[in-house]
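Asks: Below: one structure in structure tokens.
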Amino acid sequence: MARAKFERTKPHVNIGTIGHVDHGKTTLTAAITMSLAALGQAKARKYDDIDAAPEERERGITINTAHVEYETQDRHYAHVDCPGHADYVKNMITGAAQMDGAVLVVSAADGPMPQTREHILLAKQVGVPNIVVFMNKQDQVDDEELLELVELEVRELLNDYDFPGDDIPIVSGSALMALEALNGADSMKKGDNEWVDKIYKLMEEVDAYIPTPERDVDKPFLMAVEDVFSITGRGTVATGRIERGKVVVGETVELVGIRDTRSTTVTGVEMFQKTLDEGMAGDNVGLLLRGVQKEDIERGMVLAKPGSITPHTQFESEVYILKKDEGGRHTPFFPGYRPQFYVRTTDVTGTISAFTADDGSAAEMVMPGDRIKMTVELINPIAIEQGMRFAIREGGRTVGAGVVSKILK
């Protein structure tokens, strides 16, 4: 069968598999690609291909992540799977693989386990908006009542972390049985094999339940300032990469962060020495600003659609602290620790005032390799919003990564 040309006609969604070690995340990922490949909608990927995930660096942190892509009738998916638990934690906190939704894999034979809980909590903290559940290893459970019991447990657990546990689709099946059927068959269509059909059913639920995300260009405009120039006779130009939205010549934008928020008008948009009518998400541009002096702007400020983002100094965050062998600190740190927080394009000094463990208790100190919730107070207000990522640095070296889970003031 000739491989069809990849047309970007379908909406694109990023998803990932999450759940406890050995509950079958990678096997399921392989089963999804194999079953959709049988319909000509994916390239089949074997378990070993996915498990040998390449190393990536994101915000100074090394993470192993496997990326696969496939299509359903309605959508194109990019799917991320991590081999180790630590990779999941780092991946979700750094946002290396942004997820619009996740497939939570729970072994029907074991029920929810500690990492099941931890991944659900992480999904909540880092803003993964939707979860669909796959109850795996159904072939190992003869008792229908036991299946129902595990399903109830999973729904309760999701409710505990403010996901709509009663409404979330749960599909049971066996990724391994599906893979074996697919490996042994020359061709496969819906209705040929009950185990493969359960994988198709899962993808139908993912299609229906996980909404298509708003595209970056449709969000309110935001560009973090990287550099500032003064052009004689023309004015001040701020350069940077547009993070989201679009900006049109003549539009009013706000300059937010470090100092008082002020408005200015964009009188020109330039890219690669050419003038444009508008810049959009992903473009590296220079914006010519009316009535602003070069000294009024500095790196670390953002230009944004008026009213869309505000400056803050205090927030709660979910953080991963690097281990010594990852290039992190060698020693623990305590409340009162003052590192730099690298947000978008700049370092801002801040004080860490409190640590909270998963169970809500206060932690006395943080060790390299820990994941912890911490309260941070910055010395300068900067444009912050929930779900925003940052790195924690000490003398230019990354010692941790975090995501804003709640703005305090």
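Including glycine, each Cβ sits where the backbone N, Cα and C put it.
Annotations per Swiss-Prot:
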type	residues	note
BINDING	19-26, 81-85, 136-139	GTP binding site
BINDING	THR26	Mg(2+) binding site
DOMAIN	10-214	domain 'tr-type G'
REGION	19-26	region 'G1'
REGION	60-64	region 'G2'
REGION	81-84	region 'G3'
REGION	136-139	region 'G4'
Asks: Within 10 Å of the Cβ of the residue listed as 'Mg(2+) binding site', how many other Cβ atoms can be counted across all chains shown?
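Replies: Result for the residue listed as 'Mg(2+) binding site': 22 neighbouring Cβ atoms inside 10 Å.
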Asks: Would you mind listing, in sequence order, the residues at least six apart from CYS82 (GTP binding site) in the same chain with a Cβ closer than 8 Å to its Cβ?
Replies: GLY16, ALA53, ILE63, ASN64, THR65, ALA66, TYR88, ASN91
Asks: Just counting, how many other CB atoms are there within 10 A of the CB of ASP22 (GTP binding site)?
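Replies: I get 13 for this one.
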Asks: Averaging the per-residue pLDDT over the region 'G4' (136-139), what integer do you get?
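Replies: The predicted confidence over the region 'G4' (136-139), as a mean pLDDT, is 98.
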Asks: In the structure shown, which of the binding-site residues LYS25, HIS85 has the fewest Cβ neighbours within 10 Å?
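Replies: Least crowded of the binding-site residues LYS25, HIS85, by Cβ count within 10 Å, is HIS85.
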Asks: Under 8 Å Cβ to Cβ from GLN138 (GTP binding site), same chain, six or more residues apart: give me those in sequence order, or none if nothing qualifies.
Replies: ALA108, LEU147, SER172, GLY173, SER174, LYS198
Asks: Give the residue counts of the region 'G4' (136-139) per reduced DSSP state, in the order helix, strand, coil.
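Replies: Split into helix, strand and coil, the region 'G4' (136-139) gives 2 helix, 1 strand, 1 coil.
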Asks: Do any residues at least six apart in sequence from GLY19 (GTP binding site), in the same chain, have a Cβ closer than 8 Å to its Cβ, and if so which, in order?
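Replies: Looking at Cβ-Cβ distances below 8 Å from GLY19 (GTP binding site), excluding near sequence neighbours, one finds LYS25, LEU104, VAL105, VAL106, GLN115, THR116, HIS119.
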Asks: In DSSP terms, helix, strand or coil for GLY19 (GTP binding site)?
Replies: strand
Asks: Could you break down the residues of the region 'G3' (81-84) into DSSP helix, strand and coil, giving a count for each?
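Replies: In the region 'G3' (81-84), the DSSP-based counts are 0 helix, 1 strand, 3 coil.
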